[in-house]
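*Asks:* The structure's right below; bear with me while I get my questions together.
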């Protein structure tokens, strides 16, 4: 009987585009799906993500490390999120080459590293976003009682725990993958057998989905809902000294990234794990999962481009740094020209920004709060 094989990201089975249409070996077991479109789609999206993600996250890390003081607990979570994005982006050139050429010449080790980087980024991003959401929940709902919990030391410990968790999951999944050679063409992260799916990968996938997606999703929705409900009380805003509109922007951007990038991908992956482990045997669902997987995979990788919006709307000092640097660049552009009016110096600009921050409904506290 035909061993029907399918492709899904890091849990991809045999390459249907590199061999004649698999899945139609018998009349009784036919489920033909042509998903060869995914190679050009993945290659194009990865190229965009590589360029935009490399620029935005590199600039963000530069600002975090050299242009602003990392005083808040949330800044620690966001820095780790940027590092996770940047590490993944650095592996994308290999994936771009593979998808456009449909051949992996880089060896088994880089294949495993590439897969581990993907899992680490996807689930690390969700967990770091969850940390930010929980931190915001504590800061707004329990602004005084949470002071002993919300420390930079505790934030660093939590980040270390997240890295250990996602690296363990990513490495565990990558151990079962290897490069395969078919007709002088080498594939990467394709060729998992039914036995591997039933014995290992289905269990690893379900564990990763529960710990890395379902629990974070529940926490994000719950924390955001409670925060929104708390903000309806006028006394809350006077206690935390911040602006309601700013908090609403933070929550909106945060949840938009989570829902657009991660919910579709993990929903399809969960279905695919059930299909491959034969917990569900339905050709329509197999076709649906195989067609939708590359599309949702591309949405998931776009988180590297969207995360900088979270940095901007979450950290007040991040906005301030860009404001100051923009003025510095404007000064340098007109330095050789005779000015009609005296341009403000950098200290004056910093003082102006500081005054604006102080006067906007206690936004200075926003930095220490979020």
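Cβ from N, Cα, C; glycine included.
Found this in Swiss-Prot, in case it helps:
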DISULFID  111-188  disulfide bond
CARBOHYD  15  N-linked glycosylation site
CARBOHYD  24  N-linked glycosylation site
CARBOHYD  28  N-linked glycosylation site
CARBOHYD  183  N-linked glycosylation site
TOPO_DOM  1-43  topological domain 'Extracellular'
TOPO_DOM  65-73  topological domain 'Cytoplasmic'
TOPO_DOM  95-112  topological domain 'Extracellular'
TOPO_DOM  134-155  topological domain 'Cytoplasmic'
TOPO_DOM  177-203  topological domain 'Extracellular'
TOPO_DOM  225-254  topological domain 'Cytoplasmic'
TOPO_DOM  276-294  topological domain 'Extracellular'
TOPO_DOM  316-370  topological domain 'Cytoplasmic'
TRANSMEM  44-64  transmembrane segment
TRANSMEM  74-94  transmembrane segment
TRANSMEM  113-133  transmembrane segment
TRANSMEM  156-176  transmembrane segment
TRANSMEM  204-224  transmembrane segment
TRANSMEM  255-275  transmembrane segment
TRANSMEM  295-315  transmembrane segment
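Could you tell me the structural context for the features on the list?
*Replies:* In the three-state DSSP assignment, the secondary structure recorded for residue 111 (disulfide bond) is helix.
In the three-state DSSP scheme, residue 183 (N-linked glycosylation site) falls into the coil class.
Note on the topological domain 'Cytoplasmic' (65-73): its mean pLDDT in the predicted model is 71.
Tertiary proximity for the transmembrane segment (74-94) is limited to same-chain residues at least six positions away from its ends with a CB under 8 Å from its CB atoms, namely 46-47, 49-50, 53-54, 57-58, 60-61, 64, 68, 104, 106, 110, 113-114, 117-118, 120-121, 124-125, 128-129, 131-132, 135-136, 152, 155-156, 158-159, 162-163, 301, 303-304, 307, 310-311, 314-315, 317, 370.
Same-chain residues lying 6 or more positions outside the transmembrane segment (113-133) and placing a CB less than 8 Å from one of its CB atoms are 9-10, 74, 77-78, 80-81, 84-85, 87-88, 90-91, 94-95, 155, 158-159, 162-163, 165-167, 169-171, 173-174, 177, 188-189, 208, 212-213, 216-217, 219-220, 223-224, 254, 257-258, 261-262, 265, 300-301, 303-304, 307, 310, 314.
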*Asks:* Determine which residues of the chain contact the transmembrane segment (44-64) at the Cβ level, with the cut-off under 8 Å and only residues 6 or more beyond its ends counted.
*Replies:* 70, 75, 78-79, 82-83, 85-86, 88-90, 92-93, 95-96, 99, 298, 301-302, 304-305, 307-308, 311, 318, 321-322, 325
*Asks:* Same chain, outside the transmembrane segment (295-315) by at least 6, Cβ under 8 Å from its Cβ: which residues?
*Replies:* 9, 41-42, 45-46, 48-49, 52-53, 56-57, 60, 68, 72, 74-75, 78, 81-82, 85, 88-89, 118, 121-122, 125, 129, 132, 246, 249-250, 253-254, 256-257, 260-262, 264-265, 267-269, 322, 367, 370
*Asks:* Per DSSP, what is the residue count of the topological domain 'Extracellular' (177-203) in each of helix, strand and coil?
*Replies:* 10 helix, 6 strand, 11 coil
*Asks:* Take the Cβ of residue 111 (disulfide bond) and count every other Cβ within 10 Å, whichever protein chain it belongs to.
*Replies:* 23
*Asks:* Tell me the Cβ neighbour count for residue 188 (disulfide bond), meaning other Cβ atoms within 10 Å of its Cβ, over all protein chains shown.
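*Replies:* I count 26 other Cβ atoms within 10 Å of it.
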